There are 2 protein chains.
Amino acid sequence: MIEVIGTTVRTNRLRRTASKLCSVESWKRRFPITIWLPKYSFEYLIRDAIAGITVGLTSIPQGIAYAMVAGLPPQVGLYSSIFPGLVYMIFGSCKDVTVGPTAILAALLAKYVAKSADFAYLASFLSGCFILLLGVLQLGFLLDFISKPVISGFTTAAAMQISASQLKPLFRIQGSSGNTFIGAIINFFKNIKTVQLWDTLLGVCSIGALLLLKRATIPVSPSTSERAARWAGAWLNVVRARNALVVFAAAILAFALQLYDITPFALTGTIHGGLPHFGVPPFHTVVNNQTLNFHEMLSVFGVEGFVMPLVAILESIAIAKAFAGSAAVDGTQEMLAIGACNVLASLCQAMPATGSFTRTAINHASGVVTPAGCFFKAMLVLLAVTLMSDAFYFIPRATLAAIIIVAMFSLMELQIIRTMWRNSKTELVVYGCTLWLGALVGLEYGIVCGAAADVTRALARAARPPLPHHTLKVGNQDCVSITITGALSYSSSQHIQERVRRYATTNGTVVVIDARLLHAMDLGVAANLIAVILDLEKEGYTFLLWNFKETLKKLLEDLHCGFDSHFVDGPSIDRHILGLQFSR
Amino acid sequence: MIEVIGTTVRTNRLRRTASKLCSVESWKRRFPITIWLPKYSFEYLIRDAIAGITVGLTSIPQGIAYAMVAGLPPQVGLYSSIFPGLVYMIFGSCKDVTVGPTAILAALLAKYVAKSADFAYLASFLSGCFILLLGVLQLGFLLDFISKPVISGFTTAAAMQISASQLKPLFRIQGSSGNTFIGAIINFFKNIKTVQLWDTLLGVCSIGALLLLKRATIPVSPSTSERAARWAGAWLNVVRARNALVVFAAAILAFALQLYDITPFALTGTIHGGLPHFGVPPFHTVVNNQTLNFHEMLSVFGVEGFVMPLVAILESIAIAKAFAGSAAVDGTQEMLAIGACNVLASLCQAMPATGSFTRTAINHASGVVTPAGCFFKAMLVLLAVTLMSDAFYFIPRATLAAIIIVAMFSLMELQIIRTMWRNSKTELVVYGCTLWLGALVGLEYGIVCGAAADVTRALARAARPPLPHHTLKVGNQDCVSITITGALSYSSSQHIQERVRRYATTNGTVVVIDARLLHAMDLGVAANLIAVILDLEKEGYTFLLWNFKETLKKLLEDLHCGFDSHFVDGPSIDRHILGLQFSR
């Protein structure tokens, strides 16, 4: 009978999946552009264009800066802002999300790029395929196993490492920028004597200007005049474009000084602008005059290479939820979109792309209406890289470093420490483990060990389920009622056995096991429960197993023939306890 | 305040631990011999002696046989029955447990012994130290994470492998006996043409005799005469000594045939009897004319070497519980005892020892009263190995194989398959995974993959906690009450968010979250719960968070300032729902 029901359920599920696959509605959900484009209006166009251009003004300096974090030529970061953005416009379900290179992906990429830039394009391709696979197989639930403390710790460690790596261009010191936070800090102090005054001054001024502009909003109240309110709105756009403005000002300064043959700053240098070479990603490369084939390139990525696509999709979904609300985000669709973005990125020499926190926030604040905002952003960046690439020559590296450092400040999640300290010290341990391993050994190790620590926490918790109990007196009978809830895992079998024995032996001779909210139990738990009950019954205790589900009754009876005499049902247990007294 | 309480609790715990360490009572518990020896009587002596000698008669053939399973000289198995048994008498807390070599440990050891016998003694030492460490650090709870299906699957796979490896001596075929079940079976069919008739005949007859003797008990009823009952009791001792009897008969046969210069059977051959060389275990050895130092020997054991001590302690504790009842077994004390047994074993050239199922059952059935039974068993085996070792020459190997195969039959747990099939298919998958990997690839891989599969099950379950809900009508208000129980793990945060949204949106506008049995929740769960509540409140739903614990209230308020207006307490929720209606 049960098998028959099982088969029916399975058939129904198959049928539902099949009908889902065939319906126009569900295909439309996979191409969200088919939903919003038909309703598109001129008003939307204007608002999307304003938002897109505002975001674009941040995308240009950030694209160049993040390409440099990864050790790639600047235009690679810009390409990554253009082409994946266009793909997201077709597949993306969240209007706010802005896809492009991010600091964290760039930092993860740096150690591979140090071998060959080809690894960046291959990373885009492999990450894209992996994310697409997760989406197609509906494996998004796997991301649930990476907890908030791990994500926070990882993000903070990444922000720390990226900031530290920018000390090198900010102070124009020598040496390497290191692959870890601690490596970058050590390098900084080792080479502190090589600090260049003018770059330092420009960098610090850039940071100051960015922070000032970020805070310098004009308050608007209902009493403000219409004209003043309009000015405040315009000023807000200036504030949002602050990255572009600071870069522009610094570049103008460098250009002006160059006219007088003064070059105090390290500059970005020549950019090979224009369009990228479209084509399949590189499946072999040359490192130190040795040709690596695809298999060898894969082994360079190793197992920790999986961290990149996981981080990409975690970042993007978290950002989408933060700006669109949890209900509006279709995780599977986001995976398909980000996967497609990265596969396309690999075809046009772009570094891996995902949702960017800073730019998504600007997009949202600029009042974007549909994913078409991406189009305008992409067009602006495309114009810049094709027509203005010569102008990028003059962007001082210290200013780019300043932009990155300021962007990293907002990524560091430190206030969560207080919440965890006050409420959940074990989660703080997980956070600390992720953060410090990430900062000291490498970001990938941090996230992997953090996830392992979380699994340990979850297992330890499953081994010690809460077993609330209370004593009651029915007639002249001292009873103890032990409530078992949820689904009991094998690891809790010892604990339950010990607790049942302890509560029974200290609290009276009739023991009620209240299973109204008991959902399932593993074989080992059931076997141990039977063992302790039979043991204690020999010592004169009476057990009543109250309101067990039929499946659980069957399990216990299967394990110990004749055990079903212990089960009692019904809304009240008192009647059964009184019944015991009469039957004696 | 809370920190203060925390500190107090910790101080109290420290104080309790300290006073425990200093009390005579708790030290006596660590040397159980100090508890039972002062009360020892002549009657106990007689009963222990009978049980000890009965067990000893099985220990001799099994010791020789299991040494051969491991590929060691026969006396090593006998030493392992003698010296660890004496240590167990001092430290062991269970009167029934009989310590000695076991088939499973022998099978695990075989692949190391194939390199050098020194690995066996080092394995005893390392296993002993590891088990002692587990005991001293009170890490016994780690064993809870190995579930019943994994233990059953492992034991069955081990029994299958050991039986299969005995096909070689049983049929006296050529080739190797293989390190896996499948390897042994393949070898059997490859060399099937080399089967020797006489050994096969003796082996099959031995198996037949053992099975017959096992079943041939004389029923005793109250109506049986006293004399008949005494005969039945004497016969029972014969039944219990069946292994020794069959071996004795076979050896006599071989000896008699030898007198006529007929040697149809493969015999055990010369045994170097007498006492072992006492001394520190070998920390270096020679394999293929290469000297391996301690570090290299350790790397031969590798990570899978940890399986041996884990299996040893799992076997012993499971056996103790099966015969003494779960209440009487002190896991920590058992670990200390088995650890000490193995450390001593390594000092006197004995293979690793642990509780043996067959011999413990005989010990129990023979009416042992105290662990002193071990002493008599050890003395009998000692006599045999020092005085009778020449007689062992004639024991036919086919008979020893028969003894092992019959012992393995009782280890195979197949009836559990039916229970799992009917009640818990996922546990059946874990069992099957452990069994087949154990049989096909190797026992260690089976147990490790089984445990990994179990962890996956536990995590998947923690990600989908049951959330029972029901609708109710209070006044004219449609309400839905969602009950959250237990301790919610971060991996369930998505699930809870989705379910709360679904139940709320399909069941009315007032949602009660019933947290009477909610124990704890992770940060991520709390954050997602707040997010969905705030989202739904914007859509016009009202949430009442009923009977949350103070710690949980604090957590939610910490995450979202002002959230505490949602909390309501008290025995009945109806009042609060009616209150909502009036306040509108």
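Every residue, even glycine, has its Cβ placed from backbone N, Cα and C.
As given in TrEMBL:
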- A:482-557: domain 'STAS' (DOMAIN)
- A:49-69: transmembrane segment (TRANSMEM)
- A:120-143: transmembrane segment (TRANSMEM)
- A:170-189: transmembrane segment (TRANSMEM)
- A:234-257: transmembrane segment (TRANSMEM)
- A:297-314: transmembrane segment (TRANSMEM)
- A:368-388: transmembrane segment (TRANSMEM)
- A:394-416: transmembrane segment (TRANSMEM)
- A:428-448: transmembrane segment (TRANSMEM)
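The transmembrane segment (A:297-314) makes no contact with the transmembrane segment (A:394-416), as judged by fewer than three Cβ pairs under 8 Å among residues 6 or more apart in sequence. The transmembrane segment (A:170-189) shares more Cβ pairs under 8 Å with A:394-416 than with any other stretch in the list A:49-69, A:120-143, A:234-257, A:394-416. Listed by sequence, the residues of this chain that lie at least six past the ends of the transmembrane segment (A:120-143) yet keep a Cβ under 8 A from its Cβ atoms are 70, 72, 76, 109, 112-113, 281-283, 285, 297, 301, 305-306, 308-310, 312-314, 317, 331-336, 338-346, 349-353.
Highest Cβ contact count with the transmembrane segment (A:49-69) among the listed stretches A:234-257, A:368-388, A:394-416 falls to A:368-388 (criterion: pairs under 8 Å).
Broken down by DSSP into helix, strand and coil, the domain 'STAS' (A:482-557) contains 42 helix, 19 strand, 15 coil. On the 0 to 100 pLDDT scale, the domain 'STAS' (A:482-557) averages 89 in this prediction.
Same-chain residues lying 6+ beyond the ends of the transmembrane segment (A:394-416) with a Cβ under 8 Å from its Cβ atoms: 61-62, 64-66, 68-69, 103-104, 148-149, 152, 155-156, 158-160, 162-163, 166-172, 199-200, 202-204, 206-207, 210-211, 214, 243, 246-247, 250-255, 258, 265-268, 357-358, 431. Taking Cβ pairs closer than 8 Å, the transmembrane segment (A:428-448) reaches residues 104, 107-108, 146-147, 149-150, 152-154, 156-158, 160-161, 179-182, 304, 307, 310-311, 416-417, 420-421, 454, 457 in its own chain, all 6 or more past its ends.
A Cβ distance under 8 Å defines the sequence-distant neighbours of the transmembrane segment (A:234-257), meaning residues of its chain 6+ beyond its ends; these are 50, 54, 57-58, 60-62, 202, 206, 209-210, 213-214, 216-218, 263-265, 267, 362, 365-366, 391-392, 394-396, 398-400, 402-403.
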